[in-house]
């Protein structure tokens, strides 16, 4: 009978014009199901975003809504969209997505990080697992007494599934919550990540044990069968680590060379086939196919770019399209209406409170006693470790599949997982106020420095390319003399900017970056020959008397990144923030190609420039060369506070032996935006500059009515490696000069019109550009007062 039913399911229809309903066929129905699931989960994620909830909450809710708890209560909806005959097909596709997702989770976890996490993180993880397990003894006993039919399942296997479900911490979900709360780079964030990684591995071991013991749906109930399953699982893990891992190390090494694209594609393809093959092996053993994928991902080396290539190839398709089907499949099995009595809802309260109490109390006690954490931080860490997610659903689905959990218990535990994850963000926000980027390197006590004009800089970079221009620029600002009025660079705070997204690769990148430490640009993260030079340069800077380098890291979504930058700048009282421009140029063959970092990076720059309480510089890098080879700098001056600041920054380069500075002043007649008072101040500034540096610079003065063409000619000439120019956004739009700019140039909120022209790719500009913006008068008042305030309070 079963064979005939299977044969009656056809893949695709002959079309509506032949009178067929396409929803009665497997493939068209799967398309509709997938579309509906993805749309609903994305819609809920958007609606929950103001509440700062992780995406997994929306995905679990979407699955529950599509099941018998909400939409599925309508029999017409169920019969058309999720008929019973389509369930095996949906589960097959969703389990393929789950298999590859667990492979990605294995790729994301680095065993070396767990090994180096220290006794404190392991102690927190152990307490967070053991206490909930201890409490689950009582919970399992109560559930077996009050829910009919569960007592037919062995107490040992039922207790194991309840214990695992109560003690799990969802590592990927925790990382996203920490990023959302701006805690990833704090001590509490690092502790939580390390403990959660250890917890994740322990949970898989316990789940494997639970699956080995759970033979509720089978014919055989002999303990010997469970023992064979468990020993076979151990043998599989040993085989993977001793035989397959050395092979994958060689494969990763060959692939990382990047010499042969055909060989690389072959390795990646065989690896993806291996995911399914090892999934089959663990299913054959009797555990579950996902264990094979997870262990295979775990053994692949993380110190090359092979794992990163694998993640980039399959992550979006698996996480964005296939994985939501698993949540839908779980939601169809979840029937909250099964919890219909007061006693049943009392069980929900019992399970939720026990899960929270065990996890939070265990972490809280160890946090205070072993880690000497403040009470509020220890409590916040406890709630962070109480986060559930996909792994929780996997445990529950396997328990239901093995007939260890009935419908009511399954629904209770799904509600527990959803509720504990939902409350994490608001509770942690209330207990531990989310702050911007913190870094242990920045918390070192500062030695007092003699009162003098010393310069503190916060330099931001996205990667090694930005670092090259940054090193050259900072070196050019170093003065060899201490007896002048212009500051030498005293401290350089180098901030690595990292975008955190919902992608698994974000977590991997964060882990690699943290593992590398200072100078946080190592072979693991950026694999090129220039990397060692960059790292060595930063380390050398830290030993110089005039430049003390302090590395830090900002890990946030692009919409929040500016807050991290501004926070550190204010906390460290820096005088100048240096930002990389949102695009750069590189040669491909004989052509110069413009590469955009993305609109989000541009918006981050705009927010820093509009909100920062100190001066800001944007570096438009066109291959700024090492200053040891000589560098010609042109300061373009046409008046105003921004140009005066540009003059001040440029003056720091005058004494550098490898730099030749040229000052070009443009006097433009007929512009109503330049009043006589301002012109007098400009004259005074230029006169003072010439008196001090006149013999060491080249000075020229030009009267023009076409400032745009004059400045563009300087940029096109190739005579200067670097041009320094004031942003002066507000100077042109209301004056006669506005006629020389188009609307796009005037409305560019990142750079002023002239700076925007110099940063464009279609004007033939050859020079790199440093665009300077002075502190806003609305925030600081007189710029000289602002500067002296900063200098006065440097400690």
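Heads up, the Cβ atoms here are built off N, Cα and C, so glycines get one too.
Automatic prediction, not curation, is the source of TrEMBL annotations.
These come from TrEMBL:
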- 25-44: transmembrane segment (TRANSMEM)
- 38-428: domain 'Cation/H+ exchanger transmembrane' (DOMAIN)
- 56-73: transmembrane segment (TRANSMEM)
- 85-109: transmembrane segment (TRANSMEM)
- 121-143: transmembrane segment (TRANSMEM)
- 158-179: transmembrane segment (TRANSMEM)
- 191-213: transmembrane segment (TRANSMEM)
- 225-247: transmembrane segment (TRANSMEM)
- 267-300: transmembrane segment (TRANSMEM)
- 312-332: transmembrane segment (TRANSMEM)
- 344-366: transmembrane segment (TRANSMEM)
- 378-398: transmembrane segment (TRANSMEM)
- 410-431: transmembrane segment (TRANSMEM)
- 492-624: domain 'Cation/H(+) antiporter central' (DOMAIN)
- 632-775: domain 'Cation/H(+) antiporter C-terminal' (DOMAIN)
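Counting same-chain residues at least six beyond the ends of the transmembrane segment (121-143), those with a Cβ under 8 angstroms from any Cβ of the stretch are 150, 155, 158-159, 162-163, 166-167, 169, 191, 194-196, 198-199, 202-203, 206, 347, 350-351, 354-355, 357-359, 361-363, 365-367, 370-371, 381-382, 385, 409, 412. The stretch with the most CB contacts under 8 Å to the transmembrane segment (267-300), chosen from 85-109, 158-179, 344-366, is 85-109. Looking at 85-109, 191-213, 312-332, 344-366, 378-398, the range that has the most CB pairs within less than 8 A of the transmembrane segment (56-73) turns out to be 312-332.
Nonlocal intrachain contacts for the transmembrane segment (344-366), taken as residues 6+ away from its ends with a CB within less than 8 angstroms of a stretch CB, comprise 123-124, 126-136, 138-139, 142-143, 146-147, 166-167, 169, 195, 338, 378-379, 381-383, 385-386, 408, 412-413, 415-416, 419-420. Long-range Cβ contacts of the transmembrane segment (312-332) within its own chain (Cβ-Cβ under 8 Å, at least 6 residues beyond either end) map to 33-34, 37-38, 41, 59-60, 62-69, 72, 82, 87, 90-91, 93-98, 100-101, 104, 268, 272, 390, 393, 396-397, 414, 502-505. Listed as Cβ neighbours of the transmembrane segment (191-213) (distance under 8 Å, sequence separation of 6 or more from its ends, same chain) are residues 105, 109-111, 113-114, 117-118, 120-122, 124-125, 128-129, 154, 156-157, 160-161, 163-164, 167-171, 174-175, 178, 183-184, 226-227, 229-230, 233, 286-288, 291, 294, 363, 371, 381, 384-385, 387, 391, 394-395, 398-399, 402, 511. For the transmembrane segment (85-109), same-chain residues at least 6 beyond its ends with a Cβ under 8 Å from one of its own Cβ atoms are 5, 9, 26, 29-30, 33, 171-172, 197, 200-201, 272, 275-276, 279, 289-300, 302, 307, 310-311, 314-315, 318-319, 321-323, 325-326, 328-329, 332, 390, 394, 504, 507-508, 511.
Summarising model confidence by region, the domain 'Cation/H(+) antiporter central' (492-624) averages a pLDDT of 72.
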